[in-house]
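Reading through the structure tokens given below for one structure.
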Amino acid sequence: MALLKVKFNQKKRVKLAQGLWLMNWFSVFAGILVFSMGLFLKIELRKRSEVMDNSESHFVPNSLILVGILSCAFNGFAGKICYDSLDPAKFPKWKPLLKPYLALCCVFNILIFFVALMCFLMRGSLDSTLAQGLKNGMKFYRDTDTPGRCFMKKTIDMLQIEFKCCGNNGYKDWFEIQWISNRYLDFSSKEVKDRIKSNVDGRYLVDGVPFSCCNPSSPRPCIQYQVTNNSAHYSYDHQTEELNLWRRGCREALLNYYSGMMSSMGAVILLVWLFEMSVMVGLRLLHTSLESIANPEDPECESEGWILENSLKDTFKSALENLKKLGKFNQVEAGAEGAEGEEGGKTPAITTVS
């Protein structure tokens, strides 16, 4: 028994073709939307590429761009088929292409669903990318005179100001690196010498943070040096001064920003996927209803359309049997080739007459 069998007359077939034509053009606009989302996400990721460890994060935007282009191409082609199906003289030329086209549509819809899932699941890989990238970026914060790294200070400062964050996981991350360039240190000062000597790596470490970590909402002037030294500042306790510095790390801030963006895009992609599935089902019904017309010379006669010619169970069994036959056929071919190789490999005996 066919799956989702529907009876059609000429009026219903025309309405289905017209509705599919309209839906396909809506899908083209949806493809443009998906392409635009991918392009926007790619630009947003490139803006902060200096604080990302690798380019794996560009897999999702590249996939969105590809899906958008393919959606425009597939649905534009399907729209042409639906338009020509209204004309009995034009439709026959598309008949041989419909089955391969529908198979490609199935693959394309699987791709759309996979990309939608990737939008929701990318948080893990993005987390590790940002953690390592921010760590490296903070190390290069002081290299304002080094070619290729002179922009890093500005990048980190703008990032901390824009996202109201400080450090990688928090402001204490700045205590573990030398973020002040040697150019601005007085090496004749005893304090500077003592700090450098006290560190195994010879770095100048302080319990201070860059100015961009300061919270402008703080009621007192920002304390960015000797942050943990309560006695160095009047009426100060660094454990309770929550408004003085941004407490949230930039990794968390960026991760929430990109995750929220990609979750919204994933929801849109799922809606596009559902729409594309409905278009594919409608196109399959139109294809089978036109093929099952008993008398092609009488376009007004009734016909039947279906999704699968047999039930889902029978179709699955048939597919398994075909796969088994294909496997046996390959085994027979491999065995025949092996036998030929053995026969060809035999060396004829040579008799020497003396």
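Here the Cβ of each residue, glycine as well, is placed from N, Cα and C on the backbone.
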Could you check which of 187-207, 334-354 is flagged in TrEMBL as region 'Disordered'?
334-354
Residues from the same chain, set at least six apart from the ends of the transmembrane segment (20-41), whose C-beta lies under 8 A from its own:
60-72, 75-76, 78-79, 82-83, 261-262, 265, 268-269, 272, 275-276, 278-279, 282-283, 286
